[in-house]
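Enquirer: The structure's right below; bear with me while I get my questions together.
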C-alpha cells in the first residue's frame, strides 16, 4: 500500500470502440475487396460497374455484421464533473467520465481536464467483460486490487451482480441474444451471396430480407434493456446519461438497407426480370441458350425421296 491506498499498476488498455478483433475483421474484408479489385479489370462492358457495386455493397454489409460484435459503443454516455480521484483522499479532479456499453461488456473511461493533475496522468480506459467465458465480478475485483480511480470503480460497480441496480443480468442476456442473432444474420448473408451467384436471384432476395430481419431482431433484443430502470450515476450535481451509440445506429441502417435491397430484387424478379438478370450479368447466358440457328444444312438425299 502507498499512503493507505492501492498503487496504480501499468496495465494493458482496451479501446472503447476499436480493439484487436475489430482490426483483424476489417483487414480480412479489405483483403477480399482488394482481391476482387484485381479481378474486376478482366470484366468487360457495363457488367464491370455492376460487379463492383454488388461486391463492395455486399462486403460492407458483411463487415458491419461482424465488426459490431466487438465494438463497445452500442450505448454511450459522457459527463464532465469535479470528482474525487482516489479512495481515502480529499483531492478533487476535473475530468470527463465516459461509459461505453457493448455486447460483451462495458468500457469506462476517465480523462482529466487537463490530463496532468495531482502529479499524475489521468487517462484511463478500462474494460469489464460479461461474456460467457468471462466473469464480470472477477474483473471488477481485479480493478479494486489494481487501485483504479474511484470514478471508474463507481461506474463499474453499477453493473455488478451484487449492485442494487440489478441491470447486470438484463444487459448480459440481451447482449448474448443480440450477438447470436447477428451471427445468424451473417450466415444468411453468406447464403444470399451464394444464391446470387446462381440463376436463382429471387431466393437471394428472400435471404437478404431474412438478413435484415435478424439484424432488426438483434436491435430489439438490445432495446429491451432500456425498459429496465437504470440507477442514476451521479458525480456531485452532474449526472451521467447514456444513449444509443454508433454501432446501434449503424446496425439499424444496414438492416434497413438489406430490407430495401431484398424488396428491390424480389420486385424486379416479378416486374422486370430482364433488368434484374442484366444487373447480375446473367442475361448473356440466357441469350446463348435461346440463340436461333442462322444456317441450316439439309442432306439432299431426303428431299429427293420426298422426306
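Cβ from N, Cα, C; glycine included.
Residues annotated as transmembrane segment in TrEMBL: 20-39, 51-71, 91-111, 177-196, 202-225, 246-270.
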Enquirer: With pairs restricted to those 6 or more apart in sequence, evaluate whether the transmembrane segment (246-270) and the transmembrane segment (51-71) have 3+ C-beta pairs under 8 Å.
Expert: yes
Enquirer: Who are the chain neighbours of the transmembrane segment (91-111) in space, where the CB to CB distance is under 8 Å and they lie at least 6 residues beyond its ends?
Expert: 14-17, 68-85, 117-118, 122-131, 134, 136, 139, 149, 151-152, 155-156, 159, 171, 175-176, 178-179, 222, 233, 235, 240, 242, 245, 247
